[in-house]
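Peer 1: Quick one: the structure is below, and I'll ask about it shortly.
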Amino acid sequence: MSPARRSGRSAALAGLFAVLILLVTPGIAVAHGTAGLENSDYRVSVTSVPGLPGLEVRPVEAASRLELTNTGDLPVEVLGYSGEPYLLISPDGVFVNVFSPAAYLNETATGATAVPAYAAPSQAPYWQKATDEPRVRWFDHRAHWMNEAPPAQVAGATTDQRILDWTIPLRVGVTPYQLTGTLDWVAPPSAGTWAALTMLAGAAVVFVGVSTRIPDRVARLSLASAAAVAGAAAVADAIGRAITSQDLQTGWFKILFTAELWPLFGGAVSVAAAAYAFARKPAADLALGVAGVCLGMFAGLSRIPSFAYAVTPTPWSGDVDRVLIVAGLGLGTGLAVGALVRARRKGQMH
């Protein structure tokens with residue numbers, strides 16, 4: 001066996017080992033995840049909204065919070081856990097009753113915020129203005145499963161399960177209304193299947209890169225196409241997660257360039273490398289290999305936990321998101337091996 005061929009095989013084996021490391025170590029990338037939102041096996045749905053003019057309610061931020069918009073003329077109150085006034089949404093904006101315990105319990109998804117001693121449901125409401133817009137988002141624990149242990153009915157379940165039907169009381173003047181919905185446990189996907197698909201995608205790209213039987217032009221165009229697809233998938237995933245993460249204070253564009261900056265960077269580098277390779281520029285294989293490393297490190301590792309959860313923090317279904325992850329992580333790590341082997345073979349690495 002020639003030294004060049006031995007070198008190529010050694011690089012391929014080392015690269016495949018790196019791919020395996022990327023696939024089995026999801027915990028080291030949590031710092032690059034989407035801020036504030038997590039994968040979940042629970043789906044919140046709103047089933048009935050009172051027929052009041054201008055009133056709209058929907059789950060937002062991967063169903064972690066509810067959003068209520070009131071563009072009508074009548075102020076709408078959301079009542080707290082003891083039936084006390086909690087939120088007031090009127091044409092003048094949103095007001096929070098500082099004496100409602102819900103004002104503090106609903107600050108976080110876990111409800112762990114301490115309730116001050118002066119906050120008591122029996123107190124007459126004291127309204128503090130929160131915003132000028134007649135729209136509010138809040139964590140409502142009546143619509144979530146709050147225990148760390150999963151519900152008893154999901155033990156051994158392989159299909160979706162209804163966990164509870166929830167009700168949140170509203171009020172207009174002295175007239176009571178009800179906002180209703182459901183909480184379902186969604187059967188998680190097979191993480192092993194998605195990991196296997198990722199490895200197969202990576203192996204296919206590695207084969208194209210290391211094979212000496214594939215014409216050079218075909219290999220270059222194939223690797224460039226893989227980089228373009230992987231990069232576009234990573235960028236789309238970053239944008240989707242930024243859109244899902246946006247709240248009433250921070251738009252998705254800002255989140256894209258903060259919480260999703262590194263995945264966006266990895267995807268953009270891959271797309272740029274693909275364009276560079278399509279243009280037949282010097283050291284194109286090296287550029288593709290570096291792009292693959294960026295994809296694996298910045299846009300791949302932080303997404304691996306989504307393989308094990310049904311609901312991901314994206315605007316689309318969990319399966320669509322996992323396809324994007326397979327494209328970004330699988331093709332990207334394949335490029336990190338295959339393209340760098342080609343670059344070494346051509347003397348682009350010294």
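Every residue gets a Cβ built from N, Cα and C, even glycine.
Marked as transmembrane segment by TrEMBL: 191-210, 222-243, 255-279, 286-311, 323-341.
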Peer 1: How about long-range neighbours of the transmembrane segment (255-279): same chain, 6 or more residues beyond its ends, C-beta under 8 Å?
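Peer 2: Sequence-distant neighbours of the transmembrane segment (255-279): 32-35, 220-221, 223-225, 227-228, 230-239, 241-242, 245-246, 285, 287-288, 290-292, 294-300, 302-303, 328, 332, 335.
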Peer 1: Taking a Cβ cut-off under 8 Å, which residues six or more beyond the ends of the transmembrane segment (323-341) line up next to it in the same chain?
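Peer 2: Those are 8, 11-12, 14-16, 18-19, 22-23, 194, 197-210, 223, 226-227, 229-231, 233-234, 236-237, 240, 266-267, 270, 285-286, 288-289, 291-296, 299-301, 303-304, 306-307, 349, in sequence order.
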